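Participant: Submitted below is the structure of interest, expressed as structure tokens.
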Amino acid sequence: MTEPLLELVGINKSFGPVHVLHDVDFTVRAGEVTALVGDNGAGKSTLVKCVAGIYPTESGEIRFRGEPVTIHSPKDAADLGIEVVYQDLALADNLDVVQNMFLGRERGSRWLMDESSMERAARETLASLAVRTVKSVRTPVAALSGGQRQTVAIAKAVLWESKVVLLDEPTAALGVAQTRQVLDLVRRLAENGLGVVLISHNMADVFEVADRISTLYLGRLVADLPAKETTHSQVVELITAGRSGDLGLARPEQVTL
Amino acid sequence: MTDSPARTDTGANSGAISDFGIDTTSQSAGEAIRDYVARVRGGELGSLPALLGLGVLVLVFTMLSDNFLTLNNTANLIAQGAGKMIIAMGLVFVLLLGEIDLSAGTLSGVCASVMAMHYVRGGNLLGGMGSTVFYVFIIGMVLAAALALVMRIWAGAVLSLVAVLMAALGVPANAWLEMVLAVCVGAAIGCITGFMVAKVGVPSFVVTLALFITWQGVILQFIGEGGVFGIRNSQVLFNVANGNLSVLGSWILCVVAAGGYAAVVLGEHFTRLRKGLVTQPTLIALFKVLAVAAIAGLSTWALTVNRSPNPDLVTIQGVPYVVPIILGLLVIGTYVLNRTRYGRHIYAVGGNAEAARRAGIDVSKIRASVFVVSACAAAIGAIVYSSKAGSVDPQAGGLNTLLFAVGAAVIGGTSLFGGRGKVAHAVIGGLVLAAVENGLGLLRQPAAVVNIVTGLVLLLAATVDALSRRRAAVTTR
Ligand SMILES: Nc1ncnc2c1ncn2[C@@H]1O[C@H](COP(=O)(O)OP(=O)(O)OP(=O)(O)O)[C@@H](O)[C@H]1O
Ligand SMILES: [Mg+2]
């Protein structure tokens, strides 16, 4: 087992009266794919957004390479080398593919951006993801299909020399070939020593690429298990009931909102 | 769509690029034109309606009035519309974020009245305003500078402090200093608007509506009921909108403008072609360059003919100064929006503020800064329209100034919903409205008719904007 790269300890997060994350402990290791699974509304996206600096947390600690860090803004996360593919994509419709991929981190000087270098890098990254249907990298994102947008969002995240990549349901809108590419990419990123978090509802995908499977149940992290020693049905039980045999929550009464 | 690329680049990076399926970097002129038509049908109209409208207006007014398409009237029309057109250029920045600045008109009037007071009073603003008002004015400018510092909009802070210095030191009357003062006062006001909208979070519609009335009161306070500041006697101030370049100067401008355009367009075109990047067809690039050169040459030639109504007594010839002023601002604005990070971030925030925030962009700073840009442009517009009028009265920047400026930007093709727009739209839309105003004036239509028509044209443009947006939403994805 490798060193923890990113560690969340005792994270709590509420939206007003709704307590969405309860004392969540979550670990991402370098060179491993950690799958984060859970039912709709379990709090997976919220957890990702806390790491990304989009939502502040109420309590808990985030450690990066063992050091406690504060992530107050998306920029803090990016500076640490944390990249996120959001479930709701977060692309600007009126900008083209290249402009979106480099948004906030444009190459060249502040007074004169280096368009050629950005365009070439964008195209190479997209080519590696086998996007065959985009007519031009200068197409506005508004004109792309859902799957194409998703690929652009993924390409945007892997463009950078990052340490941790969090992908929130990256294959939800993708076709067979693109899903294959993304799963291969996820493995490749881990083999290159990155810590990868994959959120997915597709158990086949999860078991194919994940080294560890962490299950969120109603905002609590109920289990963090090695994928090899876990069965499909155990995970499904953990997702739906929060427990499976002696795994997960000890007693059902503990689950209060 | 075919599976194999029709014309992919084969030179640089062939490995990656051939892998990239049907992504093509260049197209033929025919394909490009078909693409354009498809985009227009998809609801991306740009300035097309405005250009068509302008053509129709010119045709109609030329038929109805012998005086419309004369050289003298054309030059006059441009100078008449220039001030509001410049205000509209600044408003484009605000509209790009989907915000609105209803105070741009009266704000420009404040700048105009400070500028004119400084001139009329020989630099003594304290005497002109009275001590209480003067100290409030100074405190306001200092406050604006402080707010700009809090928001880390350095340019706004510097300009506000320059305004404070000029007012406090009582620099002597000088046309150039007065113009600088106007812009600095504008920047300071923009900092206040921007702070209220971006940091306090009051909707821009409400903030600027309140300030619209506030500034109207301030102008009245500065000038006094029934008062008027004449600036006709200042050669420089008067010439801004009434003077012309010499014939030689006009031709130099023509060569610089057309040559500069050709150099930028072709230079970029061939660089991109060489590097294997997405480019427009060479034929279309050449066509654009030639068209601009032809228009520049023809209009320079026309404007260097003596256009005086009494050619034997006085000579009026040369390109009006407002033309290089507008061209200069157009170039700067276009450069900022297209080439700098700041401009890119404006589009991003206008297109999807949440995406911009997640990309690490300081959304509230961008939001505040566009009001500073808009206010500076409004101040420059104020200089131009005050010069045209030769005086500043309590109506400065009032009446339909704002309607005209917002109208110009929207008619030109800038969306009220944010994310889509160009500085050039303000120029094209401004020409449409200037033609309406001028043409109806020549037909001796009363102000009532001019206002009704201008208002309806704006409504029409906003409708086209809303409909094309709906169309775009239907056709994509
Ligand atoms: N901005 C918000 N304001 C209020 N409540 C929110 C907000 N975002 C999420 N929630 C609530 O937090 C809970 C967890 O949501 P989250 O999006 O993290 O779920 P998820 O696990 O990602 O689900 P899915 O699988 O559907 O994507 C839900 O009950 C949701 O209603
Ligand atoms: Mg989610």
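Placement of Cβ uses the backbone N, Cα and C atoms for every residue, glycine included.
From TrEMBL, for reference:
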type     : residues  : note
TRANSMEM : B:45-65   : transmembrane segment
TRANSMEM : B:104-120 : transmembrane segment
TRANSMEM : B:132-150 : transmembrane segment
TRANSMEM : B:157-173 : transmembrane segment
TRANSMEM : B:179-198 : transmembrane segment
TRANSMEM : B:244-266 : transmembrane segment
TRANSMEM : B:278-298 : transmembrane segment
TRANSMEM : B:318-337 : transmembrane segment
TRANSMEM : B:366-385 : transmembrane segment
TRANSMEM : B:397-416 : transmembrane segment
TRANSMEM : B:423-442 : transmembrane segment
TRANSMEM : B:448-467 : transmembrane segment
Participant: Which residues, given as numbers and ranges, are at least 6 beyond the ends of the transmembrane segment (B:397-416) yet have a Cβ under 8 Å from it?
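Facilitator: For the transmembrane segment (B:397-416), the far contacts come to 45-50, 53, 81, 83-85, 87-89, 91-92, 95-96, 98, 100, 102-110, 112, 212, 215-216, 219, 378, 381-382, 385, 422, 424-430, 432-433, 437, 451, 454-455, 457-458, 461-462, 465-466, 469.
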Participant: Is the count of Cβ pairs under 8 Å between the transmembrane segment (B:132-150) and the transmembrane segment (B:448-467), pairs 6 or more apart in sequence, 3 or more?
Facilitator: no
Participant: Going through B:45-65, B:179-198, B:318-337, B:448-467 one by one, which has the most CB pairs that fall under 8 Å from the transmembrane segment (B:244-266)?
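Facilitator: Between the candidates B:45-65, B:179-198, B:318-337, B:448-467, the best contact partner of the transmembrane segment (B:244-266) is B:318-337.
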Participant: Considering only the recorded stretches B:45-65, B:179-198, B:318-337, state which has the highest number of Cβ pairs under 8 Å to the transmembrane segment (B:448-467).
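Facilitator: Between the stretches B:45-65, B:179-198, B:318-337, B:45-65 has the largest tally.
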Participant: Mind checking which residues of the chain, 6+ beyond the ends of the transmembrane segment (B:45-65), have their Cβ under 8 Å from one of its Cβ atoms?
Facilitator: 411-413, 424-425, 428-429, 431-432, 435-436, 439, 442-443, 457, 461, 464, 468
